[in-house]
Amino acid sequence: MALEILAWDTQDYTFLKKILLVLLCVILFLKIVRYMFGLLKEEKEPITVLVTGGAGQIGYALVPMIARGAMLGPDQPVILHMLDIEPAAEALKGVKMELVDAAFPLLKGVVATTDVVEACKNVNIAVMVGGFPRKEGMERKDVMSKNVSIYKAQASALEQNAAADCKVLVVANPANTNALILKEFAPSIPEKNITCLTRLDHNRALGQISERLNVHVSDVKNVIIWGNHSSTQYPDVNHATVTANGAQKPVRELVADDNWLNSEFITTVQQRGAAIIKARKLSSALSAASAACDHIRDWVLGTPKESWVSMGVYSDGSYGVQPGLIYSFPVTCEKGDWTIVQGLKIDEFSRDKMDKTAQELVEEKELAKSCLN
């Protein structure tokens, strides 16, 4: 009888041990899951973004977009550096006050300064909005001379103070040539890290096609802006498609009006900035700021599969474009790097347009050189 009781107690004890072991395993598993979720929720290190011309119209539209996550994503904290000239110091202070008042959760710090060295300190991304605009009665050489001086100074400050992997987007006109000047005076910044904004023109082209076909703009893709961010740029739809009823169709086929695509469409995109100034009495600040966010976001986070965007980048000779120019090409982006889309068929009409805008960039480059001398 005693042996039976002992055997029963032993079984009881073994069963109890098993239950305790299972409970310990469950607790340990829950702790691991909790820890993993904690890692997922762990905040990223802030990225420092410089905006020059921070008190200007585009800067004023751009900085809240960056602070809200429109440029780098909804979970990426940022530190904003804003630079402007001395006469705009008080206005810049006001922009900083508004950023503080907006209480953006992603905004981890704001520097508002007229000191170019302080502004460039440890920046990871530089959006160069500030520049000298062409005024009535000014010659092209006068404007170029002013911008050469500005971009030479800012390039030197970036060269000496920015983060080693700093990415630069030039917005101020003449954007392509300003980017070229910056590249010249910031030799340690890789040529692939210096770009200019033609995404605004790209977005304008998408908008014109979507309105013409009465489709959502997100259904239109793979338009191209070739060349200079100027009135010689070439908006090209020969490789663009529209998704309709679940199938992709060429834009040319759906528009079915080559005369419009080869004339009015091109001039509308080329002269859209001037049309907005005429209507608004001010430049296109909102759309430029939005395009700058699009440009950086796709560059850093990547372009969608089977899609490309337009970026002003350093020419390697692709499509017969003179190496060494900052020229707008169709590009795809992955892991923070861009690649020019290769192998697109170029017809005679396109070739002529692409060569003309390239020639203008050659002339601008020579003009910039003469200003440097």
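Placement of Cβ uses the backbone N, Cα and C atoms for every residue, glycine included.
Record features, source TrEMBL:
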- 49-194: domain 'Lactate/malate dehydrogenase N-terminal' (DOMAIN)
- Gly53, Gly54, Ala55, Gly56, Gln57, Ile58, Gly59, Asp84, Asn147, Val171, Ala172, Asn173: NAD(+) binding site (BINDING)
- Arg134, Arg140, Asn173, Arg204: substrate binding site (BINDING)
- 198-369: domain 'Lactate/malate dehydrogenase C-terminal' (DOMAIN)
- His229: active site, proton acceptor (ACT_SITE)
Cα-nearest neighbour of Arg204 (substrate binding site) within the listed binding-site residues, Gly53, Ala55, Gly59, Asn147: Gly59
Binding-site residues clustered about Asn173 (substrate binding site) [Cα within 10 Å; pool: Gly53, Ala55, Gln57, Gly59, Asn147]: Asn147
Extent of the NAD(+) binding site in Å [max Cα distance among Gly53, Gly54, Ala55, Gly56, Gln57, Ile58, Gly59, Asp84, Asn147, Val171, Ala172, Asn173]: 18
Tally of DSSP helical, extended and coil residues in the domain 'Lactate/malate dehydrogenase N-terminal' (49-194): 70 helix, 26 strand, 50 coil
The residue listed as 'active site, proton acceptor' and Ala172 (NAD(+) binding site), Cα-Cα, nearest whole angstrom: 10
Residue among the recorded positions Arg204, His229 whose Cβ has the most other Cβ atoms within 10 Å: His229
Count of other CB atoms lying within 10 Å of the CB belonging to Ala55 (NAD(+) binding site): 25
Binding-site residues: Gln57, Asn147, Asn173 - member with fewest neighbouring CB atoms within 10 Å: Gln57
Cβ neighbour count (within 10 Å, all chains shown) around Gly53 (NAD(+) binding site): 23
